[in-house]
Every structure is written in structure tokens, then in C-alpha cells.
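Data block below; observations after.
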Amino acid sequence: MRRDINNFLFGERMELFEILKQKIKEKEVITPKEMAIIDDNAEFLGIQKILLMENAGKAVYEEIKDIDAEEFIIFCGTGNNGGDGFVVARHLGKGDVILIGKESEIKTYEARENFKILKNLAEFGNIRIREIKWAEEVNDIFERLKNKKAVIIDAMIGTGVKGELREPFKTIVDKINELKQINKNIFVISVDVETGHLESDLTITFHKRKTINKDNAIVKKIGIPKEAEYIVGWGDLKALRKRDSNSHKGQNGKVLIIGGSKDFYGAPILAGLAALKIVDLVGILSVGKVIDKVNHPEFIMYRVEGDYLSSQHVDYTLEIAKKYDVVVLGNGLGANNRTKAFLNEFLAKYDGKVVIDADAIKVIDYNNFEFSENYIFTPHKREFEYMGIDLDNIENIKSTIVLKGKYDIIFNANNLKINKTGNAGLTKGGTGDVLAGLIGALFAVNEAFLSACCGAFINGYAGDLLLKEKGYYYTPLDLIEKIPNVLKIFQ
């Protein structure tokens, strides 16, 4: 089972990453959320969004430039989808640009810059710009097109918009659909994705096909490198669920730390303190010798008797775990027969979310073990070797694995990423406990793979901030205090 791993585990980390790239099938179709992450991570790698917008608009132009049409009408929203439409209009050098909204409402720098260029070109008369609030303001255009050969470009709403169409978009879409029924010489092209129930003849999408694209979509490359799909960057952090300003206690996550023993009491405390920076409630379940050492009133404490957690504590632990969104398991647990019995029985009976770290990784019975999608493992290289993962059957690994190291490799059966934040200061004891608590906190309200990626990034970036301030001379507690700084920078 371990033959694949033994060949590379202690070699170059990138060698493992390349092997995983071969084993994990690349996605041909991605979700809008995944595309947004890739788009932002391309910027993280240094590719400006205004360049991607230029490439997207130019790709649409190249597809339509030879169409024989009397008129080109480009409906643009105030987001980056509209920005793509502005670029299309510039390359066409003619047509009517209908901005649904006001110039002051254009949301991004790159879209605003492209609109400014259009305004300058409009002074020459070939491009006409109209800002509208209501669909009725373009009735004259629809009337004019009833007997003309025309191309209508839909750059109204991109992949980031959900729910029912609001006005005036709904009525504009209805009018375009009605026009197509009257005049068969109307050709409708959507940019990236169709707006609502619009009956497009062609959709030109970018980089990869999206799950919401219809069969008429074609894919155009716009200069996003493969690395943007694999790197963990600020795009991942932006995808995390945002805290609702109207939420109340408990709605932003509840984490239970299960660990500690007579030998190690600091590990669960560090994990708990890291989690508390993000979620609403943190509980610690441990033996009395750990609980007695905790001097943090922020925690909810659950005490059991003995030197180690053991099978006699399973039923009580299961009852407590039901109150929480996620369990972080293993920090300071100790690796012996008692903890092994406890952990394997607990996992067999508990079906919630679990972050499995440290000693918990060592005492799992991996014979016939099911790598559930509810699990995130956070091993270092020796613990990873112990897990005995067979890369030839990686499709069975539904759990997310965070292989810690100079570069963190995060993967499961369907996903693979690499995190390059962090430095040698993170080799100190306790920093792994911080990471486990951090990932657990994110996992409370987000999906497993995103939580693992973001936890690794935040932990490493916090270390990078400390490296600038203190060199390598920082502690796990210093690391915890930097977590909010990282989140404020990137969210």
C-alpha cells in the first residue's frame, strides 16, 4: 500500500505535487465559485484583472467580427461582465452600448477604466452610449431592430449573481426573447454566462466551461495560467462565508477541541485559542489534569476523569460533540492503547465534521478505514507516511489531506492545491495545533477543501508577517494574535 509514498516522501515536495497532478483528474467543468477563486488567484500571481478583461473582450470580438450585421447592441451591467462588454465595443469600434445603471455605479477599477475609454471614443460618433434605469428607455432600440439584421451582446450579469433577475434586467431579457421570435435575423451572444432566462444563440465563456453554462457555450482562453488553479491565494480567502451582520451567538461556528492528556495540556489550548479568533463558541473536552491548567474563561470546559481519554469516555464525548459544528481531534491526546480505543470507537459512531491532527493520526486503525468527506487530516510527512495512502486508488480518499511542510500540499480525490505561505519559524512546537484549530474554525461554516486551503494560507501568512517583525523568534501565541490581521488584509 505504501510503495508509492516511500519513493518520494523524504524527497522534494514538488515531486509529490507532480505525482498528485497526474493522479487527480483535472476538472473540465468548474463552478462559478471555483472560477472566481481562479480569477482572484491569477491576480495573486501578478496577472492584473484589467489584462484578463482585455483578453476576454478581445476573445468575444474575434468570434463575432466577421458576422454580417447591420447593428451591434451591447447590453452591459455594472460589474466585470459589463466591463468585458465595454472591451468588445471598443474592438468593434461601433454599435450601441447600453449601460444598465449609472457610470458612478460601475463596481471595479478595470470596468471603470474601460468605460472611460469608451466615453472618449463615443465623441467620434461610431459608438453610442446610453445609461438607463428602466427597460422602457430602450423601447426605441427594440422597435428599430424588428426589421434589421443585428447582433445583441449580453454582458449584463456574470457568474457571481444568484437568484431571480431584478428589474430592469428581467424585462430586457423578456424583450430580447420576444424580438427573437419576431425577427429571425437577431443573433444573441452571451458573455461568460447567459443572463437569467435569456435565449442566447451562443455563449462565449472563459478559461473553462462552467456548471451553469448551456450546451451552446464555447470556451476561450484568456491568459489564466494553470498555476492559478493550483495555488492557494487570496481568491480562496475571499470565497469563505462572510459573517452576517445580523447573526447571533452560535451562527458563526461552534468548535469542540478533543485532546490533551496528563503529558500534554498546552496543545488543545492553542488549538482552542486559534479557533476562538474566528468562531463564536469553543469547547474543550479533556481529562482533569488539562482542564485544571486552563485559565481562559472564553472556553466552555468539559471534564472527564483519568490520565488519558479512553473508551469509557466515548458516550459522553458523543453527547457533547452533537452540540458543535466541528470537532478538532488529537492535539495532545497521547498515542497509546487507551487513546486508540477511544478514538476509533468515537470515529465509528460520530458522523459530523472532524479535523484529525497529531496523535489522532497515529492511533487510527487504517485497516478498512473509510476516508470520509467529513474528515480533514493535517499530517506532517512522517504522519502522512503512517497513514499509508495508496495513490493508485486516490479516488477512495474523500477526506481532505493537508500535508504540512515548507510547501503545504492540500488534496482529496477531486481537488489539489499547494500553499506557499509560511517560513521556518513554523517548525516550533504548537504551531501545528494552531493550524488544526484554525482549520476547524473555518470548517465549521465552510466546505472541507476550502477550509483546509484557507487555514494553511492564513497560518503561513501570519508566520510571514511575524518573520518581518521578529525574524524567526516568534511563538504559537504570537501566531494566533496575527490571525485577525491576515483576515482583515484579504477579506
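Any Cβ shown, glycine's included, is placed from N, Cα and C.
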Residue from ASP154, ASP174, ASP215 that Swiss-Prot also lists as binding K(+) with ASN81, THR195:
ASP154
Sparsest Cβ surroundings (other CB atoms within 10 Å) among the binding-site residues GLY332, GLY430, GLY432:
GLY430
For the region 'NADPHX 2' (380-386), what are the DSSP-based totals of helix, strand and coil residues?
6 helix, 0 strand, 1 coil
List, in sequence order, the same-chain residues at least six positions removed whose CB sits under 8 Å from that of ALA424 (ADP binding site)?
TYR472
When the region 'NADPHX 1' (80-84) is classified with DSSP, how many of its residues are helical, how many are strand and how many are coil?
5 helix, 0 strand, 0 coil
Where does ASP408 (ADP binding site) sit in DSSP terms: helix, strand, or coil?
strand
In the chain carrying LYS428 (ADP binding site), residues 6 or more apart in sequence that have Cβ under 8 angstroms from it:
THR475, PRO476
Do me a favour and check the Cα-Cα span between LEU426 (ADP binding site) and ASP433 ((6S)-NADPHX 2 binding site); whole Å is fine.
11
